[in-house]
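Submitted below is the structure of interest, expressed as C-alpha cells.
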Amino acid sequence: MTIRQRNPAATAANGKKNGTNTATKFLDGASDEFEFGGSIGAALLMIGFPLVMWYMWIGATYYDGQLPLPESNQTWADFGRHLCQLVYEGAYPTGKAWAIYWIFFILEAVMYCYMPGVSNFGRPLRHEGGKKLPYYCSAYSSFYATLAIAAVLHATGVFPLYTLIDEFGPIMTVAILSGFLNSFIVYFQAIVRGRTHRLSGSPIYDFFMGAELNPRIGILDFKMFYEVRIPWFILFLITCSVAARQYETYGYVSAEVIFLAGAHYLYTNACAKAEQMIITSWDMYFEKLGFLLTFWNMAGVPFTYCHCALYLANHDPAEYHWNPYALGVFAALYIFFYWMWDSANGQKNAFRHKEKGQLVKRNTFPQVPWQAIENPKTIQTDTGDHIMVDGWFAIIRKPNYVPDMFFSMSWGLITGFKSPFPWFYFIFFMIMIIHRTNRDINRCRRKYGEAWKRYEKEVPYLFIPYVI
C-alpha cells in the first residue's frame, strides 16, 4: 500500500500558484500529499528496485528458481560478495548488450515518429492556460513492424531471437543503468529549461516522482513513448525468444510456452491498439515523468514481469507440463477474460472520448463485441462530466481491473508453484491495484461528490457482484 504524508509546503505553494480552494485544487489534480513514504521511501525504492531485479535473476538462473540464501557455513558478508560475483560474471553490461538495448530503443523512437498512426489531443492543462498537447499514436503499426523486423533478423541468422534469453543478464543490467541515466537526463533538463511543475521542495522525492509533466522532442512525447513500446514490446519479445530457444533445444515449442506467448501477445497488442486512449488518462494528465515511470518502464516491467517466461526457459517442459484438457479450459477462460478486459476498456474509453468529441475509431485487430455503448445511461455531475452507468460499468465499478488480476495470476499459474519468481507480477500487481483502486475512489468522491455516491449506490460492487 502507498504510504502518504502531508506536504504543507506543497499545499501552500499549490494554493498560492493556482489561486484555488481545496475543492478546486483537487479538480485540477493537484495533490498535497507525499507518496511512497516521501524522500526516505523514494530513496529506498531507488536502491531496492535494481537489487530486487538482480536478486530475482540470480535465483532464477543459479538457484533453480529458488530464493538465494546463505549456506550453513557462509556468513552474510560472504553471501553478499558471492551474489555480487554472480552478477559480475553473468550480468555484466557488455558492449553487445548495450548495442541490443539501445538499437531497439532508437528504432522504436524513430518508428514512433514515422510509422502510420493517428493524432489526437490530451486534456487541457490548467498550468498551461488550458493548452491541449497534441499526441501522435503509432504504437500499433510500430508493434507489427517490430515483429516483422525481428522475424527477418531471426530467419536470416543476423540476430537469432533466442539471443535475448541467452543474453538476459547483461541486457537487464543495461536496462537498469539506462533507466537511471534517462531519469537523470529528464530531471536535470527540466530544471535547466525551467519546465518544472509541482515540485515538493525535496530533490530526492522530485527526482523519483518527476520534475516535468510532458518532456518531449517534437512529436515524441517520452512519457507516451515509455508507456507501451519499451516495456510491453520487450516483454513479448523475451517470451518469443524463450519459444525460439526451446525450439532450438528440443525441436518443438511446449504448449505452456505457446500459451504464455499468446497471453503476452494479446496484452501487448491491446496496449498498442488502444494507445490513443491513454492520452486523456490520469497518468498522462497528472503523473510527471521521473525515476518511477522511467525506470519501471525501461527496466522494471520487462525484466521482472517476464520471470514466468524465464522459468519456462530454464526448465525442461516435463517439469511444468499441464494436462492438455485442463490447459484448453484454461486458455478458453483466458480468452473470456480478455474479451471482458478489451470490451470494458473500450466502453470506458469510447464514452470518455466521445464526450469530449475526440473519439477516433480504428479498425485494429481484434475487434471484440460490446466494445462501445450507444447512448449509455449516465449520471450528471456538478463538474459538467458524466459518469457512465451502463455496459460492464452497470455490473461492477472496476470491470477492467478484474481481468487484469486474472492475467497476472495466469502468468504465474502456467509455471506451477515450484518457484516464487513467476508470481512476483501477481503479488506486485495486486498491491498496486489495491492502491490504485483506493486512489481512484477517493479522487472520484472528492471530484464528483453526491453524483459519485449515487453511482456507488447504483453499482455497489467493485470487482465481483454480490461479493466485493
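Glycine too: its Cβ is placed from the backbone N, Cα and C atoms.
Automatic, uncurated: that is what TrEMBL annotation is.
So TrEMBL says this about it:
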TRANSMEM  36-58  transmembrane segment
TRANSMEM  99-122  transmembrane segment
TRANSMEM  143-165  transmembrane segment
TRANSMEM  171-192  transmembrane segment
TRANSMEM  226-244  transmembrane segment
TRANSMEM  289-313  transmembrane segment
TRANSMEM  325-341  transmembrane segment
TRANSMEM  423-438  transmembrane segment
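Where in this structure would I find these features, and how exposed are they?
Within its own chain, the transmembrane segment (143-165) has Cβ neighbours under 8 Å at 100, 107-108, 111, 115, 171, 229, 233, 237-238, 240-242, 244-245, 248, 268-269, 272, 309-310, 313, counting only residues six or more beyond its boundaries.
Residues of the same chain lying 6 or more positions beyond the ends of the transmembrane segment (226-244) and with a Cβ under 8 Å from any Cβ of it are 104-105, 108, 112, 139, 142-143, 146, 150, 154, 160-165, 168, 253, 257-258, 260-261, 264-265, 267-268, 271-272, 275, 278, 283-284, 289, 293-294, 296-298, 300-303, 305-306, 309-310, 312-313.
Sequence-distant neighbours of the transmembrane segment (423-438) (same chain, 6+ residues past either end, Cβ-Cβ under 8 Å): 1-2, 56, 304-305, 307-308, 398, 401, 404-405, 408-409, 411-412, 462.
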Against the transmembrane segment (289-313), which of these stretches has the most C-beta pairs under 8 Å: 36-58, 99-122, 171-192, 325-341?
171-192
